[in-house]
Ligand SMILES: NC(=O)c1ccc[n+]([C@@H]2O[C@H](COP(=O)([O-])OP(=O)(O)OC[C@H]3O[C@@H](n4cnc5c(N)ncnc54)[C@H](O)[C@@H]3O)[C@@H](O)[C@H]2O)c1
């Protein structure tokens, strides 16, 4: 199969969908790979890294789309790309169709085959192509939170790990899912005192089993949250309820209960956030202050660490890319129920029912 790797053109997207290791595997399986000039540059891969493993470099995005039978990407196509996508062409990327009717309409019109990373499932019904980005965001949440606790950026002026003779900082984590556990691991590693809350007792049991004793679990309810916000320095939101908006666990009135300079990192911002005062921010201008409380609500946190994020993402996408290339999309989906769940639009028809439910 002819596989095309375009450069991402969405604002501030520095990841790339295949590493040289991925191209190496595709070439080994006798596929042809066209890489757009500079596609891997912001993730640390030069054109030579790709040609060394057998790819050919093309100058423009138009040439890549024109030649490829399958396009492998990171972000959903943006308006400039709609017209480049051809009938029957496979596009394997994050789409998030539910949040964009114009994208859905454009892909139906293109008669392409859209397989969405975010709806591919594994045997346990979890979403393997979303997991690595939650891992990155969870770990980054502590790194960012620690930075914004510094006084010059209006934080409380607290070093999370403390020093001998001085208490460490306190981190409250809402949600003990992938984001929450990764955040807890990082915060614990810095020496902070960590409280992690969830309504799922199995998750709390897991955390209790695997984390050191300065990570404590507590059942999530309003009473407990109100109690803890008065004493914690960094509050991280990692809530997800599948198919629904996250509940607002931190309400506007609660900000008055917190110490000035407390930092809120709402990782769940991409689903609307789990804090009432959350509004999406960007890496250029990541924070804002309300009632002396610092808010960090960047919607694409992994974009700031493209080298790590690219490798983490491609580690999990590559096996599907190879399968689709080897078997064609129909056979690959037939053989793998989880990949079949990733098929959102094929040949002008929406096949993933949640898109139909959300379209208006
Ligand atoms: N901002 C970013 O760049 C970025 C990157 C990756 C993921 N995310 C987002 O982070 C969020 C978390 O993702 P995840 O992969 O960790 O999800 P997850 O499903 O692994 O974890 C979510 C957890 O929230 C818990 N929860 C639900 N209701 C709760 C409540 N009332 N109180 C306490 N806990 C509750 C669930 O039981 C679950 O354990 C999602 O919204 C995801 O989209 C954002």
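Using N, Cα and C of the backbone, Cβ positions are placed for all residues, glycine too.
Feature annotation from TrEMBL assigns active site, proton donor/acceptor to 96, 270. Among the features that TrEMBL reports, substrate binding site is placed at 15, 75. TrEMBL lists 134, 198, 203, 220, 239, 240, 267, 268, 269, 270, 298, 299, 300, 301 with the feature NAD(+) binding site. TrEMBL lists 4-137 with the feature domain 'Alanine dehydrogenase/pyridine nucleotide transhydrogenase N-terminal'.
With respect to their backbone Cα atoms, residue 269 (NAD(+) binding site) and residue 15 (substrate binding site) stand 20 Å from each other. Distance between Cα atoms for residue 267 (NAD(+) binding site) and residue 96 (active site, proton donor/acceptor): 17 Å, as a whole number.
When the recorded positions 75, 134, 239, 270, 298, 300 are screened for a C-alpha within 10 angstroms of the C-alpha of residue 96 (active site, proton donor/acceptor), the residues that qualify, in sequence order, are 75.
Under 6 Å, Cβ to nearest atom of ligand 1: this is the test, and of the recorded positions 15, 75, 96, 267, 269, 300 it is passed by 267, 269, 300. Across the residues annotated as binding NAD(+) (134, 198, 203, 220, 239, 240, 267, 268, 269, 270, 298, 299, 300, 301), the widest Cα-Cα separation comes to 26 Å. Every protein chain considered, the tally of other Cβ atoms within 10 Å of the Cβ of residue 300 (NAD(+) binding site) stands at 20. The number of other CB atoms found within 10 A of the CB of residue 96 (active site, proton donor/acceptor), across every protein chain shown, is 17. Nearest to residue 134 (NAD(+) binding site) in space, judged by Cα atoms and limited to the recorded positions 15, 75, 270, is 270.
Residue 203 (NAD(+) binding site) sits 22 Å from residue 270 (active site, proton donor/acceptor), taking the CA atoms of both as reference points.
Averaged across the domain 'Alanine dehydrogenase/pyridine nucleotide transhydrogenase N-terminal' (4-137), pLDDT in this predicted model comes to 96.
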